[in-house]
Amino acid sequence: MAKPLTDQEKRRQISIRGIVGVENVAELKKSFNRHLHFTLVKDRNVATTRDYYFALAHTVRDHLVGRWIRTQQHYYDKCPKRVYYLSLEFYMGRTLQNTMINLGLQNACDEAIYQLGLDIEELEEIEEDAGLGNGGLGRLAACFLDSMATLGLAAYGYGIRYEYGIFNQKIRDGWQVEEADDWLRYGNPWEKSRPEFMLPVHFYGKVEHTNTGTKWIDTQVVLALPYDTPVPGYMNNTVNTMRLWSARAPNDFNLRDFNVGDYIQAVLDRNLAENISRVLYPNDNFFEGKELRLKQEYFVVAATLQDIIRRFKASKFGSTRGAGTVFDAFPDQVAIQLNDTHPALAIPELMRIFVDIEKLPWSKAWELTQKTFAYTNHTVLPEALERWPVDLVEKLLPRHLEIIYEINQKHLDRIVALFPKDVDRLRRMSLIEEEGSKRINMAHLCIVGSHAVNGVAKIHSDIVKTKVFKDFSELEPDKFQNKTNGITPRRWLLLCNPGLAELIAEKIGEDYVKDLSQLTKLHSFLGDDVFLRELAKVKQENKLKFSQFLETEYKVKINPSSMFDVQVKRIHEYKRQLLNCLHVITMYNRIKKDPKKLFVPRTVIIGGKAAPGYHMAKMIIKLITSVADVVNNDPMVGSKLKVIFLENYRVSLAEKVIPATDLSEQISTAGTEASGTGNMKFMLNGALTIGTMDGANVEMAEEAGEENLFIFGMRIDDVAALDKKGYEAKEYYEALPELKLVIDQIDNGFFSPKQPDLFKDIINMLFYHDRFKVFADYEAYVKCQDKVSQLYMNPKAWNTMVLKNIAASGKFSSDRTIKEYAQNIWNVEPSDLKISLSNESNKVNGN
C-alpha cells in the first residue's frame, strides 16, 4: 500500500509539470511492463526493486531516443557551430528524475508507477550517482551541459568514463575510510557504447624528422571506446550528447612479439592499457604529478580531437582541395572550452594534427588553434596549478614536448621584442619553469594557446588579471574575461525542492524555470504575510523530511525545529571547516557555562570528502566527529545543539540537505575560493548565507544587498595587509578568552581523552603555519553567528530576508553563464527552436 501524501506531494498533483493524460499513463505502464519482461527478462514474482528501477529508466529512455536522434540529424542538416566542453570531470549525480523533469514526464511516470503499486521515490533511490568528479569543477560541467541543451546550443561534453568514480566515504571510529565506487556494477541504462567510433591513442615512441615532415613512430597504442549519454534540454526536444571515453587494449596488445609462453601473460597485461580509464583521481585543488594522470589527460584530448576533426570533415565545411582538407573554416565551426588546465594538451595535440598530419604551415596551424581554444581558470591556489615534469612528458609524449618548446620559443621571441631587456619577465612568462627540475606550466600553455581566458567570479577574475597572470593580462588585456559561475535551476530547484518551485510558480508563473531573472517579481510579495508563512511551511516540510532521512539512514535523531546550520563541500584548509568547528565548541562551552541562558537551538551539519592523501583534511574530519561525540552525548546540552558529520556527501545527498538548510556556511579566507556554486544552491533554496567577501559571495551580496547576508571577516585587502605585517596566531589566542579555551580543550585532549595529543598537528598548524588565518576571523565570525541566532528568533524578519535572497538569485542560473560564454567567447547563438519530432530528414548523421 502506498504511503499517504504530504501536503507538498498533494500540491505537486496540480503542478507546473503538466496535467497527466490518461493515455500517457496507460502507455507508460505498457512500456514499463514490456521492459520488465523483454529487456530485464523478469516477471513480478522474481523482480526486485532494482529491476523496477531499470524498467522505469528504460521506459523514460524510450522518450529520449527519438529526440536524441532528431537533434543530431538537425545539427547535421543545419551545420551550426559546435561547442566542445572538454573536462576531466563531469559530476552528474543521478539521471532518472532530471530526465523526467526535462521531458515533462514526471507526473505521468509518478501516476503510472503509483497505479502499479510501486513507490517512485523508492525506485529513484536505487540509482547510483555518476560520481565522475571531485566537487565544484565537475558539477559545474554537469550544470553547463544542462544549460547548453536548454539553450539549444550544438554542444558536446567530452571526458573519461571512469570505471570507479569519486570514492565512497565511510566514517569508522570518527576517521574517513575510502571505499571504491563501483558505480557500473549493475549496469548503466543511460549510456550507449559506440564501438564504431573507437579511435587509437598513441603513447611513448620517438620522433622522426624527414624531408617530408615529422612523424611520431614506434608508439604504444591504446583504443578509446566512446560511450554516449543523452543530455536533454528543458522542454525543448533538444537532446545533446556527453561522450565519455573508455580505454581498451588493441587485440594484438603485447602479442606482436608473439612468444608461445607469454600468451596468457600478454592477455592479462591488457589490464595495464585499460587502467587509463579505471579511476578518477580524488584530488580537489591539488596537483599530483603521476604518469597515469598525465596519460588520462592526453587520452581524453587525443580521442576527442580526432572525433572533432572527423565530424568537421563530414560536414559541408570540411571541403577538400587536392589531397587535403581545407581547415580555414575550422574556428568558425568549432569552439573548444578547456575546463581548467587538465585538458591543456589539446593545444599541442591540435598543432600536431594540423602540422604533422594535415601538413599545414606552422603559422596557419597556430592561428587556427588559438582561434579555436578558450580556457577557464578555476583556482588561484599555487598547489593546485599543474606543472608537469619535462622528463615525464618527453618519455610519454615526445612530439608534444617538441611542439611545446616551439610554441614557447615563438612566445618568448615576442616578449623579447616587446620588452627587450626584461629577463625576469621572460622567466616569469615562459611555459617552461627552469628552477629545480624543468616543468611545463600548463596554465601558461593554455593562456598562450587560447583566444579567451576567463575566471569564474568577478573577484576571482580580478585576482587572475592583477596577480596570478598579471604579465599575461598586461600583454593582452582583451584576452581576459569574467564569467561568473551558475547552477541549473532544473536540478537545483524543480528536482530537489518541488514544494518551493510550485509555490513560486503559483505566484509568478512557470517561465522562471528557463529565465531565472524573473524571480525578481517575488519582491512584490515581501509584505505578504500569508506568502511568507507558506515559504516557511515549505522549509519546515523539507526539514522534517531531511530529519526523517537522517533517522532512517544515519540513525541520528535531531530537533527539526532547530536552526539547520550547514557546511557541505570538499574538506580543505582554505574552506575553513576548522573555523566552523571552533564556533561549535564555543557554543558548547557557552551552554555548559550557563545552561539556563536562552540558547537558539542549532543542528550543525558538516559534510564533505578529504583527498585520501591529505593528512590535515583527514584530521579535520576526525576533530569534527570527536567534537560531535562529546556534544551529542552531553545530557546538559540535550536538543539545544547537535553536530552531525554527513557521511559520503555527493550530488544526491546535496539534493536532500540543501532544501532543508536555514544557514549556509561559505567561510573561505577572502581571495581563496574562485567562485563556489554551493553558495548559489543554498540561496536559491531559501537559506541565508554567513560568509566572507570571497568568490561569488561578493556578487550574491551585490544582488541581494549586503545587509541581507551575514558578511564577516577580512576582505582581500585586509588579508594582504596582514600578510605584509606578518600573521601572528598567538596574538589572537592570547587576546580572546573564548578562543583560548577552545584551543586549550582541543590541545589537552578534552575531545580525545584516550589520546590527548591526537590533534597536535592541527594545533601546530593553527599556531605556526596557518595560511588561511582561522584565528584572525574567529572573533568576527562568532559575533556574526550571534546576529544569526538573534534574527532566527524573529521568524517574520528571517523569512523576509529569505525571500529577498530567493528574489535576488536569478543571476546565478547557469543559463545566464552559458549565454555569456556563447556571446563573448564561442560566438554562437542560443536557439529557441523546439526541434520537430517528425522524421522528415532521414540522412545519416555525423553523430
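Glycine residues also receive a Cβ, built from the backbone N, Cα and C atoms like all the rest.
Note that the structure is a prediction, hence the values are computed from the model and not measured.
Database features, via Swiss-Prot:
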MOD_RES   ALA2  N-acetylalanine
MOD_RES   SER15  phosphoserine
BINDING   ASP43, ARG44, ASN45, TYR76, ARG310  AMP binding site
SITE      CYS109  site 'Involved in the association of subunits'
SITE      CYS143  site 'Involved in the association of subunits'
SITE      TYR156  site 'May be involved in allosteric control'
MOD_RES   LYS364  N6-succinyllysine
MOD_RES   SER524  phosphoserine
MOD_RES   SER561  phosphoserine
MOD_RES   SER639  phosphoserine
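Everything Swiss-Prot records as a feature, shown here on the structure.
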residue	record	contacts (Cβ under 8 Å, 6+ apart)
ASP43	AMP binding site	LEU36, HIS37
ARG44	AMP binding site	LEU36
ASN45	AMP binding site	none
CYS109	site 'Involved in the association of subunits'	LEU28, LEU56, THR59, VAL60, MET100, ILE120
TYR156	site 'May be involved in allosteric control'	ARG82, VAL83, TYR84, TYR85, ASN240, THR241, MET242, ARG243
LYS364	N6-succinyllysine	PHE327, PHE354
SER561	phosphoserine	GLN540, LYS543, PRO601
SER639	phosphoserine	ILE558, ASN559, SER562, PRO601
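Ranked by how many other Cβ atoms sit within 10 Å of their Cβ, the recorded positions CYS143, SER524 place SER524 at the bottom. Residues listed for AMP, ASP43, ARG44, ASN45, TYR76, ARG310, cover a largest CA to CA span of 49 Å. Around the Cβ of TYR76 (AMP binding site), a 10 Å sphere holds 19 further Cβ atoms from the protein chains shown. Taking TYR76, CYS143, ARG310 as the recorded positions under consideration, the smallest Cα distance to SER524 (phosphoserine) is found for CYS143. Across the structure, TYR76 (AMP binding site) and CYS143 (site 'Involved in the association of subunits') are spaced 25 Å apart at their Cα atoms.
Secondary structure at SER639 (phosphoserine), taken from DSSP and collapsed to helix, strand or coil, is coil.
Under DSSP, CYS109 (site 'Involved in the association of subunits') is assigned to a helix (H, G or I) in the three-state scheme. A straight line from the CA of CYS143 (site 'Involved in the association of subunits') to the CA of ARG310 (AMP binding site) spans 27 Å. The Cβ of ARG310 (AMP binding site) has 14 other Cβ atoms within 10 Å, all protein chains considered. In the three-state DSSP reading, LYS364 (N6-succinyllysine) counts as helix.
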